Amino acid sequence: MTEVHSKIPVDSDSGNIMDLFNRGRPVRACAPMVRYSKLAFRCLVRKYDCDVCFTPMIIAADFMRSAKARDSEFTTNNTDRPLIVQFAAKDAQTLADAACVVSSFSDGVDLNCGCPQRWAVSEGYGACLINKPELVKDMVRHVRNQIDNPNYAVSIKIRIHKDIRKTVDLCQKVEAAGVSWITVHGRTADERHQPVHYDAIKTIKDSLSIPVIANGDIKSMQDVEAICELTGVDGVMAARGLLANPAMFARYEETPLQCVWDWVDIAVEHGTPFTCFHHHLIYMLERISSQPERRVFNNLSSTSAVMDFLHSTYGST
C-alpha cells in the first residue's frame with residue numbers, strides 16, 4: 001500500500017495546538033528532517049510519546065508551482081496530528097499561499113530560518129533569514145492574516161547570531177507580528193558539531209512571552225530535563241536523537257526491540273521505499289548491535305533480507 005495524501009480535511013477548529021504548552025511538562029517535538037521525518041517515521045515516534053511532528057522542509061515556491069511536488073512532498077493521514085508543515089520561503093505571499101493549501105491537513109506551518117546549507121542560503125532560504133527580521137516579520141504576518149482559523153500556528157525555527165542581541169531583536173519583532181512559538185537551534189549558521197549555546201537559548205527565552213523550543217544535541221530524556229532546567233524553555237525538539245532511538249521520549253535509553261518491529265510494520269504498511277526503510281534501521285540498531293552485525297546489516301539490499309536478519313539476530317517480539 002502506498003502513502004496517500006489525505007483528502008479528508010481534519011477540523012482544525014476543534015482544538016488548539018497551543019494547549020500542548022499548558023500540560024505542565026515540556027513539549028516533545030520531532031524535528032523537520034530531510035528524507036527522514038516523513039509520514040511513516042512520524043507514525044512511529046507518535047507511538048512513543050512524541051507530542052508534535054514536523055514534516056521535512058518543503059520549498060514553498062516549488063510546492064505551489066507543481067501538483068507533482070505537492071503530492072510527493074506532503075503526505076499525511078487522519079492520525080498524523082498534531083502536525084506542523086515546515087516551509088522554506090523567501091517572500092511572504094508564497095509562504096501564505098502554501099500555508100493556505102496545507103492548513104486543512106495540519107495544525108500549523110513553520111518557516112525555516114535555520115538551514116545552514118550553502119545551496120539554501122544562496123537561494124535566499126534558511127539561515128540567511130535571521131539577518132532579515134523585517135522580511136520574516138512580514139512572512140509571519142501574511143500567514144496570520146490569510147489563514148481563517150485563529151488556532152492555526154505560525155512558528156519559525158532559527159539559528160543564533162554570534163551577537164545574541166541580534167537574535168533577541170529578531171525574536172521580539174516576530175513575536176510582535178504574531179508568531180506562535182520559536183524553535184532555537186543553539187548554534188550559529190557556521191557551527192556544525194560545536195557545543196550548543198544553551199546560554200543563548202536561555203537569553204532568548206527570558207526575552208520573550210511566547211513559548212520557546214530548544215533544539216540541538218538532545219539524545220535522551222536526561223538531556224531534555226537538564227536543558228529545560230538550564231534554559232527554562234517550554235519544549236524540546238530532537239532530530240538525530242530520535243533517529244537513533246525513536247522511543248527516546250518514552251524514556252527508553254536505547255531503541256527497544258518492540259520499536260524496531262513497530263517500524264517494520266509501519267514501513268511495510270506505508271510502502272516505504274527500501275533505502276529509507278533500511279537507513280532508519282541502521283540508525284536504530286547502531287547502539288544495540290555489534291560491529292560485525294552492523295557490517296552485515298548495513299550491506300543488505302532487500303526487505304526480505306532485512307526481515308531474515310532481524311528474525312535470526314533478535315527474534316520476534
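Cβ from N, Cα, C; glycine included.
Here's what TrEMBL has on this protein:
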DOMAIN    30-292  domain 'DUS-like FMN-binding'
BINDING   PRO32, MET33, VAL34, GLN86, HIS185, ALA239, ARG240  FMN binding site
ACT_SITE  CYS115  active site, proton donor
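Overlay of TrEMBL feature records on the structure.
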| residue | record | Cβ contacts under 8 Å, 6 or more apart |
| --- | --- | --- |
| PRO32 | FMN binding site | PHE54, THR55, PRO56, MET57, GLN86, ASP110, ASN112, LYS157 |
| MET33 | FMN binding site | PRO56, ALA239, LEU243 |
| VAL34 | FMN binding site | PRO56, MET57 |
| CYS115 | active site, proton donor | MET57, ALA88, VAL121, TYR125, GLY126, ALA127 |
| HIS185 | FMN binding site | GLY114, LYS157, ILE158, ARG159, ILE160, VAL196, ASN215, GLY216 |
| ARG240 | FMN binding site | LYS219 |
Least surrounded among the binding-site residues, given as GLN86, ALA239, when other CB atoms within 10 Å are counted: ALA239
Taking residues PRO32, MET33, VAL34, GLN86, HIS185, ALA239, ARG240, which bind FMN in the record, the widest Cα spacing (Å, whole number): 18
